[in-house]
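A.B. asks: The (6S)-5,6,7,8-tetrahydrofolate binding site feature in Swiss-Prot is assigned to 122, 126, 127, 128, 246, 354, 355, 356; the stated evidence is sequence analysis. The N6-(pyridoxal phosphate)lysine annotation in Swiss-Prot covers 230, and the record cites sequence analysis as its basis. Per Swiss-Prot, site 'Plays an important role in substrate specificity' is recorded for 229, and the stated evidence type is sequence analysis.
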């Protein structure tokens with residue numbers, strides 16, 4: 001007799017099943033507008049729940065340390081081939097468990113402890129792993145930063161000046177809260193001027209890059225990382241890409257045996273499924289709509305008197321500043337949550353409030369676009385956001401708007417069950 005239970009989750013663990021069902025209801029009834037979140041397909045989730053969960057596969061395709069890896073080899077190679085086709089690169093490592101681990105592997109491959117790293121200031125829209133002091137990237141390496149100017153945009157001439165003064169070994173370009181297109185060609189010119197590697201972290205805009213709705217980091221960057229969720233709508237994970245064979249070898253060694261052991265084969269299978277979806281012609285339509293919907297947010301919020309960092313957006317998000325308001329990003333986040341709209345509080349350039357309070361919110365369009373919402377829905381939602389912000393302490397209004405938006409959400413349901 002097998003020791004493995006054949007019960008479904010609902011019958012095997014009612015407590016966990018109940019919690020997951022609650023999350024399904026939250027995702028269905030609320031409007032998800034956190035820029036880094038998205039909805040993945042049932043097929044992707046089905047692959048994540050497959051029997052590959054049981055398989056160890058240390059090493060790389062056809063070079064494993066375990067037996068029985070023929071199917072693990074096949075699915076990982078498929079994911080690699082599809083990733084290279086999407087981004088037009090020669091080499092891809094699909095094993096990183098997260099974007100942060102992908103970034104850690106790049107540093108491990110190309111830097112030594114104490115080497116100089118130049119990345120975007122976290123408070124100006126960068127990411128923890130781009131040299132922020134609390135992060136391993138700021139502790140293991142000598143990190144320096146560039147930021148945005150008074151207009152909320154990068155000044156590439158200024159970044160060149162900083163690079164010449166710092167003389168970094170690697171320059172990181174990419175952001176987690178920057179609403180403008182990043183010019184990778186100009187960054188490569190800066191890197192070449194100081195003899196640095198150019199490392200592009202495209203975690204936030206990868207889905208747009210895949211559809212030619214944002215400049216590609218190739219052929220400009222020496223190495224590129226991304227998450228596989230966010231705008232790529234895949235499983236939670238990371239990926240590293242390059243056109244340089246020697247860098248690819250170093251990256252592979254940095255991932256395994258450097259910072260990871262066995263890859264998550266079930267997640268790699270899900271990445272392969274997501275990559276096939278991205279290769280479908282409909283992906284371009286999705287990415288174009290993501291940008292169009294973000295532009296609606298820009299127009300409405302600006303018309304209603306709200307300040308946007310950089311004045312607007314070129315991608316999937318807007319960053320709203322409350323520096324001139326008597327409420328904080330935390331206040332706005334909580335008020336919008338009461339109204340059934342999920343965003344995240346976010347620091348803004350020259351923020352006077354703590355990172356736990358902030359003076360801004362980040363609003364994204366990818367998740368609601370995935371649900372099928374277009375300009376008309378986004379105009380309605382943007383105005384409701386402004387109504388909440390205009391009446392930040394009116395909880396009765398927030399509850400009323402919540403009910404209205406819940407009715408809207410009923411017309412854009414993705415999932416009919418919580419597990420796949």
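Count begins at 1; order follows the chain as displayed.
Note that Cβ sites are derived from N, Cα and C of the backbone, with glycine treated the same way.
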A.B. asks: How many other Cβ atoms sit within 10 Å of the Cβ of residue 229 (site 'Plays an important role in substrate specificity')?
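C.D. replies: Residue 229 (site 'Plays an important role in substrate specificity'): 24 neighbouring Cβ atoms within 10 Å.
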A.B. asks: What does DSSP say about residue 126 ((6S)-5,6,7,8-tetrahydrofolate binding site): helix, strand or coil?
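C.D. replies: DSSP assigns residue 126 ((6S)-5,6,7,8-tetrahydrofolate binding site) to coil.
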A.B. asks: How big is the gap, in Å, between the Cα of residue 127 ((6S)-5,6,7,8-tetrahydrofolate binding site) and that of residue 230 (N6-(pyridoxal phosphate)lysine), rounded to a whole number?
C.D. replies: 15
A.B. asks: If I take the alpha carbons of residue 122 ((6S)-5,6,7,8-tetrahydrofolate binding site) and residue 230 (N6-(pyridoxal phosphate)lysine), what is the distance between them in whole Å?
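C.D. replies: Spelling it out, the Cα of residue 122 ((6S)-5,6,7,8-tetrahydrofolate binding site) and the Cα of residue 230 (N6-(pyridoxal phosphate)lysine) are 19 Å apart.
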A.B. asks: Tell me, which binding-site residues from 126, 128, 246, 354, 355, 356 are within 10 Å of residue 230 (N6-(pyridoxal phosphate)lysine) if we use the C-alpha atoms?
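C.D. replies: So far as Cα distances go, none of the binding-site residues lies within 10 Å of residue 230 (N6-(pyridoxal phosphate)lysine).
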A.B. asks: In this structure, which of the recorded positions 127, 230 has the fewest other Cβ atoms within 10 Å of its Cβ?
C.D. replies: 127
A.B. asks: Which whole number of Å gives the largest C-alpha distance between any two of 122, 126, 127, 128, 246, 354, 355, 356, the residues noted as binding (6S)-5,6,7,8-tetrahydrofolate?
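C.D. replies: Of all Cα pairs among the recorded (6S)-5,6,7,8-tetrahydrofolate binders, the widest measures 43 Å.
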A.B. asks: Counting across all protein chains shown, how many other Cβ atoms sit within 10 Å of the Cβ of residue 122 ((6S)-5,6,7,8-tetrahydrofolate binding site)?
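C.D. replies: Other Cβ atoms within 10 Å of residue 122 ((6S)-5,6,7,8-tetrahydrofolate binding site): 24.
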